[in-house]
Amino acid sequence: LAKYPEIKTLMGPDPHLKWIVSGMVFMQLLACYLVKDLSWKWIFFWAYAFGGCINHSLTLAIHDISHNVAFGNKQAKWNRWFAVFANLPIGIPYSASFKKYHIDHHRYLGGDGLDVDIPTDFEGWFFCTPLRKLLWLFLQPLFYGLRPLYVNPKAITRMEIFNALIQFSTDLVIYYLWGPKPVIYLIAGTILCLGFHPISGHFIAEHYMFLKGYETYSYYGPLNWLTFNVGYHMEHHDFPSIPGCRLPMVKKIAAEYYDNLPHHQSWIRVLWDFVFDDSIGPYSRVKRLCKLAKEG
């Protein structure tokens with residue numbers, strides 16, 4: 001910032017985010033109507049090939065919204081409620097809990113007992129062969145959902161209760177209007193595309209230590225178009241208040257700081273290497289003891 005103060009002008013809300021997210025939510029509601037009479041094999045096909053991609057993208061929109069980039073820091077509550085709206089097609093309440101834990105991921109990156117993004121010792125010990133690592137990728141949504149309850153349990157917030165009530169009420173309305181298939185389409189898409197799916201390569205790409213000494217990596221490929229530029233992950237951790245749409249400008253302005261850092265060329269290649277490279281697995285994360293963990 002001292003060398004490139006113009007980066008400060010990139011901070012602040014993204015005026016287009018709320019419209020893009022709203023369009024995605026209504027696209028999924030339309031899809032619910034369109035799939036209501038399909039056979040089950042096509043329900044799961046479209047859930048994986050289309051709906052799950054939208055839902056995964058919405059989880060990354062919620063990630064951006066958790067940094068208050070939809071309406072700005074002065075409208076924090078608007079961001080929280082808009083994240084609940086973005087959550088609707090995902091089928092499972094997620095946004096309020098994500099916000100609660102994601103703060104710690106930035107504040108205590110790699111913090112033992114604080115950053116719930118880090119796999120547990122059991123995950124690292126058990127999922128150590130190619131077949132088991134492949135299974136772990138399929139089960140990622142389960143681990144991401146349950147790991148916080150084991151690693152760093154926190155009291156349920158009022159916003160989480162509202163998130164759950166609104167989400168399950170929406171699921172019931174969709175079920176009442178069009179039957180079970182649209183609800184299964186939404187939830188199956190979320191589970192499948194947060195598991196073993198090309199877009200899910202970002203979970204591994206972001207903080208797994210493929211090269212010793214480097215714990216955060218960026219990816220500059222085309223899948224950023226579907227993921228609100230979450231691939232610009234070094235840039236995001238340096239400037240979390242800059243919305244995803246402006247992170248490429250950070251790299252362009254401060255190119256000398258990013259161009260020579262190792263980065264990934266393909267999320268599919270990341271998944272391949274994770275499964276078949278014996279030196280990479282759930283243990284391949286930097287874990288540090290943070291001050292708060294010592295006090296706890």
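Including glycine, each Cβ sits where the backbone N, Cα and C put it.
In terms of DSSP secondary structure, the domain 'Sphingolipid delta4-desaturase N-terminal' (1-16) contains 6 helix, 0 strand, 10 coil. Under the heading domain 'Sphingolipid delta4-desaturase N-terminal', TrEMBL lists 1-16.
Look at TrEMBL and you will find 16-35 (among others) tagged as transmembrane segment.
The feature domain 'Fatty acid desaturase' is assigned by TrEMBL to 41-263.
The transmembrane segment annotation in TrEMBL covers 42-61 (among others). Long-range contacts of the transmembrane segment (42-61) within the same chain, counting only residues at least 6 positions beyond its ends with a Cβ under 8 Å from a Cβ of the stretch, are 17, 20-21, 24-25, 27-28, 31, 35, 86-87, 89-91, 94, 98, 181, 184-186, 188-194, 197, 199-200, 226-228, 230, 244.
The transmembrane segment annotation in TrEMBL covers 81-98 (among others).
Through the fold, the transmembrane segment (161-178) approaches residues 29, 32-33, 36, 84, 87-88, 90-97, 186 of its own chain, all at least 6 residues removed from its boundaries and within a Cβ separation under 8 Å. Taken from TrEMBL, the feature transmembrane segment applies to 161-178 (among others).
Residues annotated as transmembrane segment in TrEMBL: 184-205 (among others).
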